[in-house]
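Q: Please read through the structure below; I'll follow up with questions.
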Amino acid sequence: MAAAVTRRANALRVEAPDGNAESGRASLAADSPAAKRAADAKDDVWVAADEGDTSGAIAGDGNRPPLFRTFKVKGSILHPYRFMILVRLVAIVAFFAWRVKHKNHDGVWLWATSMVADVWFGFSWLLNQLPKLNPVKRVPDLAALADHSGDANLPGIDIFVTTVDPVDEPLLYTVNTILSILATDYPVDKYACYLSDDGGTLVHYEAMIEVANFAVLWVPFCRKYCVEPRSPENYFGMKTQQYAGSMAGEFMRDHRRVRREYDEFKVRVDSLSTTIRQRSDAYNSSKKGDGVRATWMADGTQWPGTWIEQVDNHRRGQHAGIVQVILGHPSCKPQLGSPASADNPLDFSNVDTRLPMLVYMSREKRPGYNHQKKAGAMNVMLRVSALLSNAPFVVNFDGDHYINNSQALHAPMCFMLDPRDGQNTAFVQFPQRFDDVDPTDRYANHNRVFFDGTMLSLNGLQGPSYLGTGTMFRRVALYGMEPPRYRAENIKLAGKVNEFGSSTSFINSMPDGAIQERSITPVLVDEALSNDLATLMTCAYEDGSSWGRDVGWVYNIATEDVVTGFRMHRQGWRSMYCSTLSSASPTSTCRPTRSSRCSSWPTTSSPSSGSSQSSSTSRGRSARTSCTSSPSYPSFT
Ligand SMILES: O=c1ccn([C@@H]2O[C@H](COP(=O)(O)OP(=O)(O)O[C@H]3O[C@H](CO)[C@@H](O)[C@H](O)[C@H]3O)[C@@H](O)[C@H]2O)c(=O)[nH]1
Ligand SMILES: [Mn+2]
């Protein structure tokens with residue numbers, strides 16, 4: 001198919017001499033102030049509220065510049081709105097006074113009931129209005145972040161994706177989510193992607209191997225031409241596909257090739273359940289006398305998770321824990337690809353071909369335990385990632401939520417690393433945008449009032465609520481620690497150890513996980529580490545600990561997300577809302593399933609043989625390179 005191609009005037013340039021994405025950032029940085037000024041000039045609602053701050057460095061903080069700008073609603077709009085709130089408040093109070101004075105003696109119960117309802121209605125109206133007194137928009141300054149940190153000093157990020165069922169949460173969405181993460185423009189050795197599969201199905205595991213294989217082509221292609229978005233289904237689904245660079249002919253050839261490979265990848269992913277079933281049937285009929293109808297992996301071993309024909313220890317709610325490192329941690333030096341050849345028509349000789357770490361995991365499930373749905377899965381991921389990558393920041397995506405802007409991971413860093421209140425910021429929430437909604441949005445499925453009104457309003461107070469997906473956390477806040485402004489300089493772990501469960505490896509990892517400048521240090525997945533990981537994934541691990549209450553995601557509630565955010569707010573942490581709308585704006589998009597999710601929020605290898613980097617499994621080899629920089633903050637005793 002001949003793709004319609006348009007060229008972006010201010011396209012990012014990726015082909016840096018050293019092959020990494022540095023100059024993409026530089027070019028964005030160059031565009032950014034002008035774009036910002038233009039946006040400011042046109043904006044007839046928001047005015048800058050931090051002019052004083054932006055010009056100079058913040059004293060006493062190592063001369064770090066502010067990394068975001070603050071905007072407030074223009075007085076000419078806000079003051080009449082506040083006045084209207086006051087008028088309504090007076091009217092409501094007068095109405096209540098009238099009701100009290102005019103008690104209906106013939107139907108006192110009726111009168112009392114309607115009074116209770118009215119009081120509740122008035123109270124909830126007031127709660128709704130209070131934040132709207134002072135909406136605040138904060139715009140991350142990616143250019144300032146690039147000037148201040150560069151890629152070399154950016155902290156590590158662990159990205160958690162959850163899924164359960166490859167049919168209910170279509171596998172195609174999950175693989176696209178993961179691909180959009182693997183291709184994002186964050187330094188590749190500074191983030192790791194974890195997929196938690198609560199169904200424990202071999203289909204998800206083998207889909208991740210397919211993803212790792214396809215990513216070898218997709219990720220360098222994205223870097224070479226700076227394509228957006230980097231979820232291939234959405235990219236190829238766009239009417240026009242933009243790219244950077246001046247090689248129209250080469251782009252067309254590469255595009256055609258990658259498109260064909262993607263179509264073949266989709267066919268393979270679609271047919272995984274059939275392939276696995278056929279393979280298992282073949283193994284089962286050849287293993288006569290065994291009796292069990294097992295599900296078999298490609299390497300001829302039995303899958304430890306859920307089997308197609310479920311039996312004890314291999315059913316959905318009853319199977320062992322599994323961790324497989326599908327792509328090992330990459331080296332910290334860029335690795336340029338090879339020039340075009342007969343086998344490989346794509347010229348990646350100027351493109352960094354490294355891929356970030358990718359881990360598949362499925363926690364242990366046993367009957368008799370309440371597995372606590374997503375909250376339980378997230379807590380296991382938090383512990384497992386602490387031993388494998390231990391990044392100081394953690395991002396959470398549901399399986400149907402992809403990154404629609406490759407700069408997205410830089411934006412929350414502007415809030416987290418900002419010298420003003422960054423250290424006290426527990427999480428940064430992105431809005432959720434929905435694909436495939438009726439373009440006229442007549443049923444308000446985009447939830448604009450919520451994402452573009454209420455959230456900005458809360459942003460003017462202690463910050464937005466945690467909405468379950470599209471959120472970056474500070475790991476130490478998930479551990480239940482207090483913000484620096486309310487705690488002694490050194491966090492005391494002594495006497496609190498039982499709160500985190502019995503694993504000394506996990507507890508020993510906590511001080512490092514709190515160092516906000518920390519990158520990712522690759523670890524050797526040997527037998528001892530595999531045993532530690534297995535322990536952290538057991539159902540019994542949390543018994544007698546504070547997990548699910550004061551530590552990690554909160555349990556026993558359907559909306560664990562909101563409550564987990566509230567717990568952090570109660571401790572004094574603040575949160576930030578990241579909803580910029582400029583062209584450089586990083587934001588995430590939630591894609592609901594076409595049939596049912598449109599109306600709701602927030603619901604938005606064997607090691608890869610074709611991979612150019614070393615791969616590892618929990619049982620086998622792993623990549624060994626160290627590229628950390630870790631000045632200490634905060635310290636534990
Ligand atoms: O046992 C479970 C159940 C769910 N999930 C995952 O949790 C996420 C959200 O669950 P879902 O059932 O899809 O709920 P939604 O209503 O779509 O999700 C919204 O509402 C939830 C409750 O407020 C939040 O946790 C979500 O993040 C938010 O997107 C999905 O990725 C699931 O794969 C698990 O990992 N294990
Ligand atoms: Mn969902």
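The backbone N, Cα and C atoms fix where each Cβ goes, glycine too.
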Q: Which of Lys333, Lys373 does TrEMBL put in the same UDP-alpha-D-glucose site as Glu169, Asp198?
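A: Site partner of Glu169, Asp198 for UDP-alpha-D-glucose, according to TrEMBL: Lys373.
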Q: Under an 8 Å Cβ to Cβ limit, what residues of the same chain, 6 or more beyond the ends of the transmembrane segment (81-100), are close to it?
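A: Residues packing against the transmembrane segment (81-100) from afar: 73, 111, 115, 118-119, 122, 125-126, 129, 132-133.
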Q: For a Cβ distance below 6 Å to any atom of ligand 2, name the recorded positions from Asp198, Lys373, Lys374, Asp561 that qualify, or say none.
A: none
Q: Quick check for you: of the recorded positions Lys374, Asp398, Asp561, which have their Cα within 10 Å of the Cα of Asp198 (UDP-alpha-D-glucose binding site)?
A: Lys374
Q: Over the residue list Glu169, Asp198, Lys373, recorded for UDP-alpha-D-glucose, what is the maximum interresidue Cα distance in Å?
A: 15
Q: CB neighbours of Asp398 (Mn(2+) binding site) within 10 A?
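A: Taking all protein chains shown, Asp398 (Mn(2+) binding site) has 23 Cβ neighbours within 10 Å.
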Q: What does DSSP call Asp398 (Mn(2+) binding site) in the simple three-state scheme?
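A: The three-state answer is strand.
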Q: Have a look at the recorded positions Glu169, Lys373, Asp561 and say which one has the shortest Cα distance to Asp398 (Mn(2+) binding site).
A: Glu169
